Amino acid sequence: MNAISQDAVASASGSKLEALNAWVAEVAALTRPDTIHWCDGSDAENAALTAKMQADGTLIKLNEQTHPGSWLHRSDPDDVARVEHLTFVCTSERDDAGPNNHWMAPADGHAQMDALFDGCMAGRTMYVVPYCMGPIGSPLSRCGVEITDSPYVVANMRIMTRMGAPALARIEKEGAFVKGLHSTGELDPNRRFIMHFPEELTIKSYGSGYGGNALLGKKCHALRIASHQARSEGWLAEHMLILGLQNPQGDTHYIAAAFPSACGKTNLAMLIPPEGYLNDGWKITTVGDDICWMRPGADGRLYAINPEAGFFGVAPGTSKKSNPNALACLQRDAIFTNVGVTADNQPWWEGLDNGQQPATDWRGEPYDAAKRPAAHPNSRFTVSAKSCPSYSPEAENPAGVPISAIVFGGRRASLVPLVFEARDWTHGVLVGAAMGSETTAAATGAVGVMRRDPMAMKPFCGYNFADYFSHWLSFDNGANKLPKIFHVNWFRKSDAGKFMWPGFGDNLRVLEWMIGRVKGEAGAVETPIGFLPTDADLNLDGIELDDEARAKLFGFEQAGWQAEFASIGEYLGEYGPRMPQALKDEQQRIAAKLAD
Ligand code: GDP
Ligand code: PGA
Ligand code: MN
Ligand code: MN
């Protein structure tokens, strides 16, 4: 065993906050690194770290002419996505974590993790990364410190959060922070766990370098720990994008939308209006693409901030046609993980459609279409939000932006129409609770299997879903002016198996209808599942939809919905007596209407 050096012990005291120094010293005593580096987030620090990673092969330099300041990282082939079966919520009471989480008693969780961390940083540098989720000056923001032995994690945290000196200053002032301990360990899938201790505001993650498992500010803090905190403090931490929709008159409405991972959040957040709309002066601004923290303001409306500072986006499918704003962000200073490269070292992925060809696949082998795709289906880019042409100045507003509409959505090949509106808040909470979606490559496991993913939070809610739905219902207290709630499905397929809705920029047509509903101007027909537009209530000028598409995108299929509501009833029942009665009543009310 190698003992921790005196130098390391001395450098444990890098802050003015005793509790932070003590924790860093305690972690160093357990993990026994060679050195401790407190990250200040400076350019010089980043340059030194990047040079070190280039030298040891962690980062591969991309073509400096076409992609200045950009890098490729190839992860371990067994470490390419979130691992939900290895992710735990460790609350003292098992029922507080709920059937929606894997659970372990906190003492057992700590024992298991500390055994893995024992001596794991020997010969390595331990980085102490202070970060702030949300604008440094916002009362809605929350801070954390991630300790990691991965410089790749540091480089990504620098883009994804407000990291370094300003965050440390806020932490020293507040005295409170979320503790996150991370080590890539030996990347053995059998020695990999992501554990959360919400009652202690603590995260321990071992054995993975992948974004959602390793960048602890993101899913672990900003969703699992924050959702738990939000419940006791009266706010919401959600898996939602936030966008501003500006109409030709110059009014902006903000919309928050929850779709499961790899179901279209980043694309919707950066949408460029179709030509006719552009000419008329419609515009979308991006506040956030993955996480939304919101709480009622003095006027009773919900105000939202994006706790992140960057985008960790899905690369495949991103093209000049589908998402020009994302492509513009990727011109410089981006980190690409598990994409392919061209012969002249430009990043490449399926659906990039720029006329170039891959030479090397994501595993570093010569590209062979018969063997594997050039880019892993869950390959990602990490890029600063500031580099996005549509980034909203309001994203830096410490007060957040007022939300006019909340949207839930998933990947549903059948049954679910393009869009519908919930009758009221309670119905809207049921619509969110009942969300179903086909699984994607963002998590390990089978792809394309329909599962319940309430509010797109199945992998991210840090407590019992029954309590989470009660918390959502509690916002309808008579004083709040709550947004309208909608449900969308961009992924409805024809009998021939093709997507029927053009999606992407044309999704603006659906957003326009929503704001029309908010203002009481747009038409709809009432059905048992909510208000549906007819194909005449949406502006469909310039797109072609055949009869099958019109029937399925705007239709209500009574028999199918009867079966769906029976399945929703069973799902709510799985949570037993803890499930709020108001939600069960709402399900039964609609099921009864469907039976008429
Ligand atoms: P996120 O992970 O929720 O942020 O999802 P992304 O916006 O990164 O999209 C995930 C995948 O869905 C990408 O391959 C996109 O090209 C695809 N996608 C996004 N929006 C649409 C849409 O409106 N229609 C269709 N058919 N595909 C979409
Ligand atoms: P996504 O983010 O929602 O943009 O896919 C990553 C994830 O949820 O794993
Ligand atoms: Mn996500
Ligand atoms: Mn995304």
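In case you wondered, yes, glycine gets a Cβ from its N, Cα and C as well.
Please treat TrEMBL annotations as automatic predictions, because they have not gone through curation.
Arg411 is the residue from Arg295, Arg363, Arg411 that TrEMBL records in the GTP site together with Ala262, Cys263, Gly264, Lys265, Thr266, Asn267, Arg380, Phe504, Gly505, Asp506, Asn507. Summary of the site annotation: TrEMBL records substrate binding at Arg82, Tyr210, Gly211, Gly212, Asn378, Ser379, Arg380. Screening the candidates Ser138, Ser261, Ser322 against this entry identifies Ser261 as the one listed for that site.
The two recorded residues Gly212 (substrate binding site) and Ala262 (GTP binding site) have their Cα atoms spaced 13 Å from each other. Ranking the binding-site residues Asp290, Asp506 by how many Cβ atoms sit within 10 Å of each one's Cβ puts Asp290 at the top.
Checked against ligand 2, the recorded positions Ser261, Cys263, Gly264, Ser379 give Ser261 in sequence order as having a Cβ less than 6 Å away from one of its atoms. Close to ligand 3, meaning a Cβ under 6 Å from one of its atoms, is not one of the binding-site residues Arg82, Gly211, Gly264, Ser379.
In this structure, the CA atom of Asn378 (substrate binding site) is 8 Å away from the CA atom of Ala262 (GTP binding site).
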